[in-house]
Amino acid sequence: MEFIHQQVALVEKQLAFVATDPVDWKTYVQIFSWGVCLFESYLLLRQYPLYSKKEPPKALAEHFTPEVFAKSQAYGKDKAQYALVSGLIKQTLESVMLHYGIYAWAWGVAGCIIGMFGYGPEYEITQSLVFSFVTYLASSVPLLPLSIYQTFVLEEKHGFNKTTPALFITDMVKGWMLAIVIGAPFLSAFLYVFKWAGDRFIPWLMGFLLAFQITMVIVYPTVIQPLFNKLSPLPAGELRSRTEELANKLKFPLTHLYEIDGSKRSSHSNAYFFGLPWSKHIVIYDTLIKQSKPDEVEAVLAHELGHWYYMHPTKFLVVSQLHLFTILALFPAFMHAPPLLRSFDFPKHVSAKPPTIIAFLLYQMIVTPLEAVVGICMNAISRRFEYQADNFACMLADQLNSPDMADMGDRLGRALTQLHVKNLSTVWVDWLYSAYHHSHPTLTERLRALEAFRSAKAKKE
Ligand SMILES: [Zn+2]
């Protein structure tokens, strides 16, 4: 522990200028965030012309009727336009908020509000909670029309939207309630760790965040998800017995097997698993069950269990903890830095003793470009995992000595293709766009890899 604190102190020393020199951080953030936004727009412009192609790639040709392919291209085009426009709007809003010192203003407003209840600036955590609420409203309410457009115009036009206006509003209200019920205590505890541990916050904060994540794994499916969706036990039948048998053979600790009414909001489909190491739950979307045959859904689950078998979620957790550690290790240099706050228009009396939430918020803005790079690396890891899980499904017959699973790769290929076609997912993908945005390989890439796994297997035999 002492070693960590020493290293962090060394880093802080290297970055000592942050706390002393007047750097024009605001301009940096403006330039960097516009840089990221314009790069994302450039990627969309690279991808856009591919939506005008008249034919699917050869490997997929047999699965697409000309009408379905045209529909998929039209959907992709509309989504790309939406992404371009909404990205620029969001960035403009961010930029305007920065330019006019909205964060400094919101901190002042929060101070006035708690002042009305007789609390002074010494109640930093209370003021931080009100501040978060004010900035949340200022940044999300202007974007509401965008999400209304996305749900009721874009998705509606292409036949995916199942959300009614009443459901949209109740979802939003439930989201706000959750933010208050879970977000407020979380933020208070988060800030309290800083207050209590001072500059030695890193191990405590990481411990707290890990404990929070684990709690959420338990609380999310039992308390939160039922607020939005209905999880019902998968009825007895071919799919249930296939899944139970598969889990049994792999010694996957399956506790519950659910069907989720994903079709309540959208006709996009999927399947996933979650839970603690000794008690796991599998959730299958009703849309997937409707679209694919039981043996194909089984192949999708075999892929999902491949993620479990190779401990992909755990590996992701380790990588994300390392990432978090790096972010936190650089933070102390920005924690007590009056010039940082002054460059974002905070008045002298606030910047003299920077509130933790403000320092953390500004620090996050500064590391945004770094986060874009981290995102690309995470996608690269995730793609590797996807191939590995596909391979796992392909090789299952050998591993479990079950000849009836020999065609698992074909089934998976069919299920993936059906999912892709039904979801009208993008068919032609620009490589750079894909590297930046996609955590999964494209369908063509996956089918090609499945083919390669199978021929490698055939050669061995
Ligand atoms: Zn996967």
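Glycine is treated like the rest: Cβ placed from N, Cα and C.
Unlike curated records, TrEMBL annotations are generated automatically.
When TrEMBL records His303, His307 as binding Zn(2+), the matching candidate from Glu156, Glu386, Glu445, Glu451 it lists for that site is Glu386. Through the fold, the transmembrane segment (175-195) approaches residues 124-125, 128-129, 132, 136, 201, 204-205, 208-209, 212, 224, 227, 335, 356-357 of its own chain, all at least 6 residues removed from its boundaries and within a Cβ separation under 8 Å. Within 10 Å of the C-beta atom of Asp390 (active site, proton donor) sit 25 other C-beta atoms, taking all shown protein chains into account. Taking only the Cα positions, the spacing between Glu386 (Zn(2+) binding site) and Glu304 (active site) is 9 angstrom. Residue with the densest Cβ environment among the binding-site residues His303, His307: His303, by other Cβ atoms within 10 Å. Among the recorded positions listed (His303, Glu304, His307), His303 has its Cα nearest to the Cα of Asp390 (active site, proton donor).
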